[in-house]
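One structure below.
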Amino acid sequence: MKKFGAVVLALFLVGLMAGSVLAAPQKPAVRNVSQQKNYGLLTPGLFKKVQRMSWDQEVSTIIMFDNQADKEKAVEILDFLGAKIKYNYHIIPALAVKIKVKDLLIIAGLMDTGYFGNAQLSGVQFIQEDYVVKVAVETEGLDESAAQVMATNMWNLGYDGSGITIGIIDTGIDASHPDLQGKVIGWVDFVNGKTTPYDDNGHGTHVASIAAGTGAASNGKYKGMAPGAKLVGIKVLNGQGSGSISDIINGVDWAVQNKDKYGIKVINLSLGSSQSSDGTDSLSQAVNNAWDAGLVVVVAAGNSGPNKYTVGSPAAASKVITVGAVDKYDVITDFSSRGPTADNRLKPEVVAPGNWIIAARASGTSMGQPINDYYTAAPGTSMATPHVAGIAALLLQAHPSWTPDKVKTALIETADIVKPDEIADIAYGAGRVNAYKAAYYDNYAKLTFTGYVSNKGSQSHQFTISGAGFVTATLYWDNSGSDLDLYLYDPNGNQVDYSYTAYYGFEKVGYYNPTAGTWTIKVVSYSGSANYQVDVVSDGSLGQPSGGGSEPSPSPSPEPTVDEKTFTGTVHDYYDKSDTFTMTVNSGATKITGDLYFDTSYHDLDLYLYDPNQNLVDRSESSNSYEHVEYNNPAPGTWYFLVYAYDTYGYADYQLDAKVYYG
């Protein structure tokens, strides 16, 4: 309902501001086309179908009439014939009818019984089959997604996850599936207490095969990321795909207690709540503790996108690797949950393929869109997450001494840049994972800069680079109450990338095929002070200039300036539903933001941002947290913020902080 309401709001706002609403183009009148006489009133598809049926068989149809009056007259005749009327529609003059073939032929004018003669129901336009509609999707096989994340390159180097066990905390695993036979070496069922592996939903089997399936049922085509890894099934979700937090925590606890017994190094949780979390709940603490116990914990970001603040538990846990979903073209999916967390930390860390992934289908289940008896396609961050879990197994095989923190750092700092502007992002995180580059993390050239930046201050660092295909710089800092930004300048002093997410966690900039010379990174405090560290990584040669060097020195842009305004007001979900405020944007602006504060325990307010042409460019419709909107490189002109009362307990007071950034 909230999304529909937002659309209505957008149209209403344009009408108020522009003074008029354009009328929709007139649609051409529908012409009543006569059926070919050999089909009668049946569509060709229905005519063909009934030719293969006996007269006493029933067929499901949609009967379309010229008007509602003709439709209502037909009901009595259809009842007399014994036809079953499933739906009597109001939106169109039509009936959904299940009817015997012989009676269908009579009303279609294809059969003269002598009782009805050759008379037809009056006003019938046509009769069509009530056919089954399937979701039109573009699937991605594991052969495609493995290449997308460069797992295939790891296989070519001889790494397949052998010696590593992945715990799948989910609906179970169908261990009899050809792709998973001989792989499930441990099992526990906290739902039904069964001692033999099974999956009565299909979700867990699909996830398990993405992480470590052999692809045996497809001659290796749909092979998982770490086909040599072993699996442990930890069933905490029932046949409907749901489960209690207590069971999930117990599953995490069991994985930690049995990690040495089964060699568990990675656990995958393609599950979670849809409500925004600050990462302090019991399940988030449990997965953080599993991380501290030495397990790489990989968690699905959730499927509550595209709104901000939709990362729930346990995805909001601070230590785990939270994964969003992109399609085969590295475009973020609409459903992938967006950060930040409820306490304004950056999530997810990375993204991976998760849009209609073809993987193993558990026996007797129909989850997703079945491809055949052995495979089904399904979308979700649930599918993206085991890609990363499998990659983690590859990394740990290649680097047995790596800690969970090292795995996470390597994945973040080598993730491919797939978003055209800032990399560190509440949708994409650090980018799409690259297994091959992460595995070579220790072999790449690296520089680390550390320092301290005061409130509103900045620090710059220079490095030389040559022979590189890429360079990235990732900024970390120690004060969660501060907001640091990161800028990258080429040897000519041109700003080539920037990252200012406004959230605590990390900022990342990067550039492909960098020109040889002296480059500059600049750490800027938008607010607060902090100790920081910047990791520079490249496949070329890195160094630090001595005495300034002979390369031209970059001339970083001046400190960003901010035009700030604070608006206050009161709204009510019945009497005064919305307020509109304007903000002037001048040339050279780099970002416009709005933060809406109110008492979230009693009220649910939403925030919308419109450009000078009154196009909706960002929205924030969280149900249990403050609202934030932003837009990069805004055009000059008057911008509009709309505060909307979705649900209030009486009148709701609010404060809106609007900011325009320059420089």
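Placed from the backbone N, Cα and C atoms, the Cβ positions cover glycine too.
What you are looking at is a predicted structure, and each value in this text was computed from that prediction instead of being measured.
As annotated by Swiss-Prot, active site, charge relay system applies to Asp170 (among others). The Cβ of Asp170 (active site, charge relay system) lies under 8 Å from the Cβ of His203, Gly204, Val207, Ala208, Gly233, Ile234, Lys235, Val236, Leu237, Asn268, Leu269, Ser270, Leu271, each of which sits 6+ residues away along the same chain. Asp170 (active site, charge relay system) falls within a strand when secondary structure is assigned with DSSP.
The feature active site, charge relay system is assigned by Swiss-Prot to His203 (among others), with experimental evidence given as support. Under the three-state DSSP scheme, His203 (active site, charge relay system) falls in the helix class.
Here Swiss-Prot flags Ser382 (among others) as active site, charge relay system. All protein chains shown were included, and the count of other CB atoms within 10 Å of the CB of Ser382 (active site, charge relay system) stands at 28.
Feature annotation from Swiss-Prot assigns Ca(2+) 1 binding site to Pro420, Ile423, Asp497, Tyr498.
Sequence-distant contacts of Leu484 (Ca(2+) 2 binding site), defined by Cβ-Cβ distance under 8 angstroms and a gap of at least six in the same chain, are Val453, Leu475, Trp477, Glu507, Val523, Val524, Ser525, Tyr526, Gly528, Ala530, Tyr532. Per Swiss-Prot, Ca(2+) 2 binding site is recorded for Asp483, Leu484, Asp485, Thr501, Glu507.
Taken from Swiss-Prot, the feature domain 'Peptidase S8' covers 139-439. Model confidence over the domain 'Peptidase S8' (139-439) is summarised by a mean pLDDT of 95.
For 1-23, the entry in Swiss-Prot reads signal peptide, with the evidence type experimental evidence.
Closest in space to Asp483 (Ca(2+) 2 binding site), of the recorded positions given as Ser382, Asp497, Tyr498, is Tyr498, taking the CA atom of each residue. For Thr501 (Ca(2+) 2 binding site) paired with Ser382 (active site, charge relay system), the C-alpha to C-alpha distance reads 25 Å. Thr501 (Ca(2+) 2 binding site) falls within neither a helix nor a strand when secondary structure is assigned with DSSP, and so counts as coil. Most Cβ neighbours within 10 Å among the binding-site residues Asp483, Asp485, Asp497, Glu507: this distinction goes to Glu507. All protein chains shown were included, and the count of other CB atoms within 10 Å of the CB of Tyr498 (Ca(2+) 1 binding site) stands at 23.
Of all the recorded positions in the record (Ser382, Asp497, Tyr498), the one with the smallest CA separation from Asp485 (Ca(2+) 2 binding site) is Tyr498. Asp497 (Ca(2+) 1 binding site) sits 31 Å from Ser382 (active site, charge relay system), taking the Cα positions as reference.
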